[in-house]
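A.B. asks: Once you've had a glance at the structure underneath, I'll fire off some questions.
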Amino acid sequence: MKHGIHFFDCSVLSTAIQDFTAVIKEDPSNAQARLYRGRAYAKQQQYKNAVQDLAAAVHLDPSCWLAFYHRGCILRQINPKKAVQDFSVSVLINDTQENFGSFLHRGIVYSEKCQWSLAICDFESVLALNSSVIFAYLNIGLILLLHLHQYDEAIQQFTKAIEIDPLNVRAYICRAQAYHKICNLPNAVKDISRAIHLYPNKSQLCILRGQYLMEMKKYELASLCIHQLAEMDEESFKHQPVQQALIQSFCQNHDKAMECLHEATETQSEPSLFVALGKVQMKAKKTKDALRSFNNAMKLLMTSAKKIPHTFEAAEVHYLTGLCHLEQKGLLQACDAFSVAIRLHSNYPDAFCQRGLCRMQLRQDKCVRDFNRALALCPSHFQAYMGRAAYYGSKGRYSKAILNCNEAIKILPNSVRAYFYRGTLKYQNKTYKAAIEDLSKTIDLDKTCTLAYYNRAVCYHQIKDFRKALKDYGIILLLELNKEVALKLFINRGLLYMELGDYANACEDFKEATLITPEDSQLFQAIGICYHRLCEFEEAVRSFDQVLKLDPLSVDAYIGRGNSYMEKGHEAGCKQAQKDFVRAIHLNPKCVKARVCLGYNLQAFGNLQRAWRQFTVAICMDPKCHAAYDGRASVCLQMGETFAAYQDTNAALKLTTTSRLLTNRGVINQLMGHLSCARKDYQQAISVDPNYALAYLNTANIYFHNRQFSQAYCYYSKVLQLDPGNESAVLNRAITNTFLNNTEEAKEDFEKAVWLCPFSAAVYVNRANFYNKVRQYELAEKDISTALSIQPSDALMYKFRADIRAKLGFNKEAIEDYKQAISIQEQIYSM
């Protein structure tokens, strides 16, 4: 027995088998001899004899774990189920490190039977017994990578294998593929580079590295990989022109690729060579040459009866021909070519999809049938879903189009095009927040997608998130722009600034837009409006002049220029404005806006009857024009027709409720003596616009008139919060403080009033009255004297100064002031 074991260990198997056979003849129940002879037979690939001996060993010694293990190894390929049983019995008998092989082999069997979780358990058991078994790490990693899609966990397993054996090429390759799955391309390239360093002549590794570099858009390095591959296998490529051409085409050396294929076609007239040549010519944008190549291929494919064979190769040639026609905008020819391809090979999803796209551009509704057919043949056809989405989008069926984009995204989860188009569809569907999410995803995938930023800015504009909209517009300006996008950007951002009331920035954007399209009159119209709002009326007039040079029949330009002339305030400007409004009416007699502006112009000249007539005509043309009612109300009020003004203001308020109109009606009620109604109107105006200062001022005046000074004080203070430079509010609050005995506040308000209106006699008179009340007669006498220097013909002010001078003991001067007051009064009576 010892003799046989010695020869077995020395791999002298024939001698060992003879020795073990001799032992078995003497002692047929010797399990150890059966075990060793079975193992020897297995090494000599005499598997039948080996299984018989191992079975006998198991029968003679049921606790012999080695017999079960070795029989399981032999049966692993021919009877996996029985092999699993043997490995399982073996580990039941001995589950120590000595028997980790049973776990390992059983794990391999489970892997072959696709029982991944059981396989992983066995490989983990192997590692628990012997942590240096690289094979176990690799197998766990491969199961996680290829079947369970747990890429991060797979990377951990491959990393452990590399830590044990830093020269294991397979571990580097597997980890590179796992990194590629999670889009960690830099690490994938590093691992493949290490593998190439270990095996520099492995061409497949160069191909993988080139692929990863291409995906990283490092085209020069990818090209270098392909060149290295070509050099590595240069001899073999000489007899494979198609392969050589593909490599040159991959390197963007289209001329070399075409040259290679041209040489091949001269010696071999095969359809496949002409097809390959046509494909390269298509890549090189030589569409006409490609068509000739495909025609040559088709001639070679034709049978002796001049019939096109019903093969996929012939269908592909017609499909490629259709793509060439499509590139040349020959939609009808392309459609015919795709139809022939479908007739030759009815299960051609790409041909159906492309024919659908042609038919959609030709506005044929049956295009959707082609998309449906393509998807029936290939449910994962991304282009077909996108084509169908485009069709439904063009028909305004946005929800259905979005559903198709959803399916496309399931196929390509990182498709910039799918997310972008779905975002634009959601914008069209007015679901702006959802559109923003898709456009943001588009930007995450492609940071340089200007259209995604532009559309997201438009969405932000729609939901009034102006800050984010401006940020996106700003980002676009940092990217490379074509003129069309730049023009839309400046116009949209200008409109946004106008909405924000930032007319200065809006004006600058519209100016930038005019540099791109200097003949667009609408842009100069917008610039004129901005200058008008900025009170730069000279510039506004120049902008409207430019509009009229470009479009002499622009009614809006005449109106805009007229309003700018009006704002200048001088008579010549008002006359020029009147001419512009009249021209606008001549160009469009039904232009209500022009008539309203002319009405205000005539009112400014005091032509109240003519102004009333223009407002009335405007109302007849458009009974819903609240501006016309408001204008006629102001004319009626000026003519003394208070009730008519009241009726027109009510009519305007039925059309629109604004703080200004409510305040105007309050003023009319106040003039009619209806103070409670006036106060209600002012309160309602405040509720409509809490920042409308005039409504607060008029309310304060009513309280002041009713001697409700505390309430008046509060409202005057509110006016000054909203409009710190309001002269009336400052003076009236000063007077109110006088009545409320708020001496210091009254003094401050009077000082401010004097600063705001240094030539107003009323301010000095009221401050004199205040000083008189607090017995500061010298100051009072000084202020009333100042008031008389501004307004010298006021009898009451002379009397007031006489009273103050009497208090100061200036009797002589007081008598003179009394006499002057009587003299002025007599002159008034005599008149």
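Note that Cβ sites are derived from N, Cα and C of the backbone, with glycine treated the same way.
What TrEMBL says about a protein is an automatic prediction, not a curated fact.
TrEMBL feature annotations, pasted as is:
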| type | residues | note |
| --- | --- | --- |
| REPEAT | 31-64 | repeat 'TPR' |
| REPEAT | 135-168 | repeat 'TPR' |
| REPEAT | 169-202 | repeat 'TPR' |
| REPEAT | 382-415 | repeat 'TPR' |
| REPEAT | 416-449 | repeat 'TPR' |
| REPEAT | 487-520 | repeat 'TPR' |
| REPEAT | 521-554 | repeat 'TPR' |
| REPEAT | 659-692 | repeat 'TPR' |
| REPEAT | 693-726 | repeat 'TPR' |
| REPEAT | 761-794 | repeat 'TPR' |
A.B. asks: Mean pLDDT, the repeat 'TPR' (693-726)?
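C.D. replies: The answer is 90, the mean pLDDT of the model over that range.
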A.B. asks: Give me the DSSP three-state residue breakdown of the repeat 'TPR' (169-202), ordered helix, strand, coil.
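C.D. replies: Tallying H, G and I as helix, E and B as strand, the rest coil: 27 helix, 0 strand, 7 coil.
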A.B. asks: In the repeat 'TPR' (659-692), how many residues does DSSP call helix, how many strand, and how many coil?
C.D. replies: 27 helix, 0 strand, 7 coil
A.B. asks: Can you name the far-off residues of the same chain, 6+ from the ends of the repeat 'TPR' (135-168), with a Cβ under 8 Å from a Cβ of it?
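C.D. replies: Here the qualifying positions are 104, 107-108, 111, 114, 116, 119-120, 123-124, 126-127, 174-175, 177-179, 181-182, 198.
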A.B. asks: For the repeat 'TPR' (761-794), DSSP counts of helix, strand and coil?
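C.D. replies: Split into helix, strand and coil, the repeat 'TPR' (761-794) gives 27 helix, 0 strand, 7 coil.
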